[in-house]
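Asker: Mind looking over this structure? Questions follow.
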2 protein chains.
Amino acid sequence: MMQKPLILVTNDDGITAPGIRALISVMKEIGDVIVVAPDSAQSGMGHAVTINNTLTLEKVMIDEGLEAEYACSGTPVDCVKIALGQILDRKPDLCVSGVNHGSNSSINVIYSGTMSAALEAGMSGIPAIGFSLLDFSWNADFEHIKPFIMKITREALNKGIPADVVFNVNFPRLSSDEIKGVKVCRQAKATWVETFDKRISPHGKEYYWLKGEFINQDKGEDTDEWALDNGYISLVPVHFDMTSHHSIKSINAWDL
Amino acid sequence: MMQKPLILVTNDDGITAPGIRALISVMKEIGDVIVVAPDSAQSGMGHAVTINNTLTLEKVMIDEGLEAEYACSGTPVDCVKIALGQILDRKPDLCVSGVNHGSNSSINVIYSGTMSAALEAGMSGIPAIGFSLLDFSWNADFEHIKPFIMKITREALNKGIPADVVFNVNFPRLSSDEIKGVKVCRQAKATWVETFDKRISPHGKEYYWLKGEFINQDKGEDTDEWALDNGYISLVPVHFDMTSHHSIKSINAWDL
């Protein structure tokens, strides 16, 4: 690619999060960067889109040397939609989302605003990658994963992400020396089992906090959970055809 | 099944929507019904889950002859989580979601609160079906589709929905006579192309409304869009493994 690629950067932790700042700093070395990210934390928003409310868009300047940065009042998916539908004159060559503060491995791909933004770009025909680090802390260290992000992104631009596929990349919470490399994986079969913390407000009204425990039922060694547990960066190629193709035949025999 | 099945009913249009009332009336003839649904409209919420805020739960009585009804302040996925984690003593035998006022065919499965609720139940090992009618109107007529809902639900309970599969059922906007039957389909490859309606508030601030145009790029006759366009009820078996399994091998050859 002779021309510098145009790269759209977004996330779900909000435009000021250290994770997106780290991602922007890598992307600035690769191409022309435009940032459209939520003006507040939007974790767990999944593929939510704002249809019963309005959106605002504010041009901000946080890092230097960028095409532009916009803070959007909506969800991560809204950010991608408004970038493509309102802000950009042409399709970006790549969309990257993250770096998320916390894991988006296995079933978390469905709850994740970070990955939903990447999927939304993928659905619009834009090569897209979501990056996440297994460290929820706001002060998480992203410095040592930058070379890995650089290499994965360059290879994705060189080789071309397959059509209708988006990459879900998760980094273990390990130092550079401890990281063994990248494993291409399938999504582990895991679930969240919820409990609720019931409390009483000062006004006597009951309310609940959602708490969850992550249960990995999958013993496979070809999964993202296995890779992360064993010192690898996991890369799951994700698609948005949710059809269970192999069940179609058996259900066709039903009396419906 | 000798014992009456326990059926959890939810939706995304809110607990008072005519669509969920129609669904409840059918389920009351099949089993013991418990309703946990959003206290307000939650369309387009996808798989969003409330982690940065609290949830409230109010016991309400709208229809007679039910085990219980609860209005929840959260998203459709929150409703399923709080039903399983807080309200119910045992796993329900079935979860049904809808009847949605409007289509959840093809790519809409990813944006849909109705289908995300059904998927959440499926992820917890509960057989689940989402029902949607291609009529956005609040006054949509659900009466004539009740026998179809009954038949599909009974057959699903009898035959057993395959593990890790959830049904996405969409009804065309046609009379009983015009409906040709049920087709088991794959999700059509379609996208929304967004435009934004930019306005100025009375206070001089710019804001946007999301508008979208649905583009079906898929000419296949085995898709849900084809079935609905040709007078059939579409049934797509949906799963939540989003791995693009067939791309793993080629990406393994990359230098990552």
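Just so it is clear, glycine is given a Cβ too, placed from its N, Cα and C backbone atoms.
What TrEMBL says about a protein is an automatic prediction, not a curated fact.
According to TrEMBL, the divalent metal cation binding site annotation covers A:ASP12, A:ASP13, A:SER43, A:ASN100. Summarising the annotation, TrEMBL assigns domain 'Survival protein SurE-like phosphatase/nucleotidase' to A:7-193.
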Asker: By a simple count, how many Cβ atoms lie within 10 Å of the Cβ of A:ASP13 (divalent metal cation binding site), its own Cβ left out?
Answerer: 25
Asker: At a CB cut-off of under 8 A, do any of the binding-site residues A:ASP12, A:ASP13, A:ASN100 come close to chain B? List them or say none.
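Answerer: The answer is none, since no candidate qualifies.
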Asker: Can you check what DSSP calls A:ASN100 (divalent metal cation binding site), collapsed to helix, strand or coil?
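Answerer: The three-state answer is strand.
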Asker: Neighbourhood of the divalent metal cation site (A:ASP12, A:ASP13, A:SER43, A:ASN100): other residues with Cβ within 8 Å of the Cβ centroid, in order?
Answerer: A:ASN11, A:GLY14, A:ALA17, A:GLY19, A:ALA41, A:GLN42, A:PRO76, A:GLY98, A:HIS101, A:GLY102, A:SER112, A:GLY113, A:THR114
Asker: Neighbour count first, Cβ atoms within 10 Å, every protein chain included; then name which of A:SER43, A:ASN100 tops the list of binding-site residues.
Answerer: A:ASN100
Asker: Can you name the residues of this chain that are 6 or more positions from A:ASP12 (divalent metal cation binding site) yet have a C-beta less than 8 Å from its C-beta?
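Answerer: Looking at Cβ-Cβ distances below 8 Å from A:ASP12 (divalent metal cation binding site), excluding near sequence neighbours, one finds A:PRO38, A:ALA41, A:GLN42, A:SER43, A:MET45, A:THR75, A:PRO76, A:SER97, A:ASN100, A:SER112, A:GLY113, A:THR114, A:SER116, A:ALA117.
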